[in-house]
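Let me begin by handing over the structure; questions about it come next.
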Amino acid sequence: MASTSTAGDRIKKFLGIPADERLNDTACYVDGSFVESEPTTQDFLNEIRPTVQGTLNYLRELFPFVNWIFHYNLTWLLGDFIAGVTVGFVVVPQGMAYAKLANLAPEYGLYTSFVGFVLYWAFATSKDITIGAVAVMSTIVGNIIANVQKDHPDFDAGDIARTLAFISGAMLLFLGLIRFGFIVEFIPIVAISAFMTGSAISIAAGQVSTLMGIPNINSREETYKVIINTLKGLPNTHLDAAMGLTALFGLYFIRWFCTQMGKRYPRQQRAWFFVSTLRMVFIIILYILVSWLVNRHVKDPKKAHFKILGHVPSGFQHKGAPRLDNEILSAISGDIPTTILVLLIEHIAISKSFGRVNNYIINPSQELVAIGFTNLLGPFLGGYPATGSFSRTAIKAKAGVRTPLAGIFTAVLVLLALYALTSVFFYIPNSALAAMIIHAVGDLITPPREVYKFWLTSPLEVVIFFAGVFVSIFTSIENGIYVTVAASGAVLLWRIAKSPGKFLGQTEIYTAPRELVRGSKDSGLTQSLLQKSEHHTAFLSLDRDDLSNPELQISTPWPGIFVYRFGEGLNYVNSAKHLDNLTIHVFKHTRRTELNKFEKLGDRPWNDPGPRRGQAFLTDELVSRPTLRAIILDFSAVNCIDVTAAQALQDLRNQFDRYAHPDKVEWHFAGVSNRWTKRALVASGFGVDSLRTAKVQRENHKGGVQEVDQGPLVAIGPSVSASDIEAVPVGTSGSGSTDEKRPEGEGGATNGGMEKGSANGEDISTVPTATSADACALARDAGGKRLVPVFGINRPFFHIDVATALKSAVRNTGVVAAE
């Protein structure tokens, strides 16, 4: 470190940067003392430098299955088999239905689902999630294909979908590998709910025409136009409506019936759950049978009595490398952000939700690796963009899945369908598939009770919710995504910029016995109970806007001392607002130290012109105000500050020093937990004593003025035994000499005092450090534990909490309360 420091000093000297004495702690070094060292660039590089163990952990995280695969057992196997087969029965008809939403042949849905189930288990951090074709993503892909083919009619729909999946997968895989999974935290629940609700309404509205057999309805238009055109086309309803409406009714009836039977017969609840889960399979088999009876002599699907699925090729007929030429890449480039955003929203939201329900934590970065890898390799077998499915994940979780390996059993079932059941799929009615889609997306609509909960929690976000839904309905799903995410980001910035700070007052809080809480009318009993109860000083808002009891007595901390708590960080966005509020409040409740500073009216600044002509300047109210002595900033909600905020604090300090001249305003900081924040404050001149001697005038408790030398801070370190403690010089506090007697109970944490805690981290106290005898007495507490400083003695104006900071500020002002 010495060479690094020397090199840094040489660079500073070469560039003409003066040495900052505030960062020079040599005057504070005493053997046995705890002195804080400033974090350096080398420290930062050491923190982010990869280590051997870190690299091994990273590789282990890439393949999380190694943590559980060697513990696999028959019980897990049975649970995975049941869940995997159950999901397999659902995913086969769903996959083909969703492929139709994507403007693709039905087999593409099976390809996509197969790849997701085969690959996901090796990279999964969620046992419940299922990756495959989903309704919302399929609709987005269908819209993209339709838009691209308008300008490039020669492009094959399958090529567009596969290329889109490959590029999106590569980007997601990259984000996952560099561990950028935290970006999903920028998308709030309200934005996700609005997106899912708007998408579900759009998808359901687009499927009504297929359900009813209404021809010539463009389901790719804006949702409101689709609804209007569908209503206009009701007179043109065909026989498909009989198949579709009865299928939709059957799906809802079976679910309702199984739910009721599960409630009536709790012991058979699991059996009724499996019956409900397989309702899609029952409906598809039933309507395949009906369709075969009606159309068994039909060879051309166009000649069927109602629209049917038609030929589904067996096996993987669209395998091969995706198309990656410049022409197709430029055509889909504008739609890649939307695709990535939808993949992220659906997958991470679903996996987090089920992780909380089933008591495990997912790794968002690893989930990005999983869906990225799936979408990167899926196109080689004919897959299009795949992500997590809410309905299938819910089924899988309720079916008793034990590990992610259940996806293998689902993949086997999909593979069996691809090679053995494609001839049966010929007779599936399109209206029955539409009924399945409507039934599936209906669960994605946010219920009114949830919207009402949003309203109770944050009314502004309800506006964002409805804005996203309406934009999705009246424009497109893609625009709905952008609006909700952008609006949520704007609200976040607005809340940071307008985060309210609070001026704090103090009150005594008692741990009250039950008799006192119930309200005893006996004052003697009340006093007796209060004396027995524990109490401490708490700091609450002076504005009383925190819903505290209006009868609670909250007093100002001390005349001329102000405690300010930041509400939500301190940065370039909100620093001006916070410090303006601080300035206005201080000027309103204090006076200048020199009342007659301006001898003539013309000497006064324009923004402080004083009273009108003929009115007295020194009013009784003004004279009675205290002078500004200290500012205490509660940094418990501040993690880091930037250059703008630091400069604003420096400017405010200079302004207050001019206001309090010839006194100097002390700045105390409580709850600073980030060492880089402390470094920034120290570099700005806060938190440390001046290393040069300064003349400071203070009012003593008798009303006189006392001029004292404020010397450099000297460390005091209590030793383990009394024999090890030697007398050392103590810096004055600016309110008297070192041997001045302090009033009891006003232990300071700066120049004349130190914050100390027990070596085992249990007890914390504020103690004066005046003489070696005092240090000898304070080396151990009543329990015999060795006392050590909480923070470095070279940073005396940083305190562990507001109460300690206030004690220090009161002590250093030299003001003694009247007995």
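Cβ atoms are placed via backbone N, Cα and C, with glycine included.
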Between 454-474, 790-810, I'd like to know which one Swiss-Prot lists as transmembrane segment.
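Transmembrane segment, as annotated by Swiss-Prot, spans 454-474.
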Among N24, N73, which is the one flagged in Swiss-Prot as N-linked glycosylation site?
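My reading of Swiss-Prot gives N24.
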Output the single range from 104-124, 129-149, 273-293, 328-348 maximising the number of Cβ pairs under 8 Å to the transmembrane segment (172-192).
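Highest pair count goes to 328-348.
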When you check the transmembrane segment (72-92) against the transmembrane segment (273-293), do you get at least 3 Cβ pairs under 8 Å, counting only pairs 6 or more apart in sequence?
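Yes; at least 3 Cβ pairs under 8 Å.
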Return the residues near N581 (N-linked glycosylation site), defined as same-chain residues 6+ apart in sequence whose C-beta is under 8 angstroms from its C-beta, sorted by sequence, else 'none'.
G501
Might you confirm whether the transmembrane segment (104-124) is in contact with the transmembrane segment (328-348), defined here as three or more C-beta pairs under 8 A between residues 6 or more apart in sequence?
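As far as Cβ distances go (cut-off 8 Å, pairs 6 or more apart), the transmembrane segment (328-348) and the transmembrane segment (104-124) do not touch.
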What average pLDDT does the predicted model assign to the domain 'STAS' (551-708)?
79
Using Cβ atoms and a strict cutoff of less than 8 Å, what residues sit near the transmembrane segment (129-149) while being 6 or more residues removed from its termini?
87, 91, 94-95, 98-99, 101-104, 108-109, 112-113, 116-117, 119-120, 155, 157, 160-161, 164, 195-196, 199-200, 202-203, 206, 220, 331-332, 335, 338-339, 342-343, 346-347, 350-351, 354, 367, 370-371, 374, 384-390, 392-393, 396, 407, 410, 437, 440-441, 444, 476-478
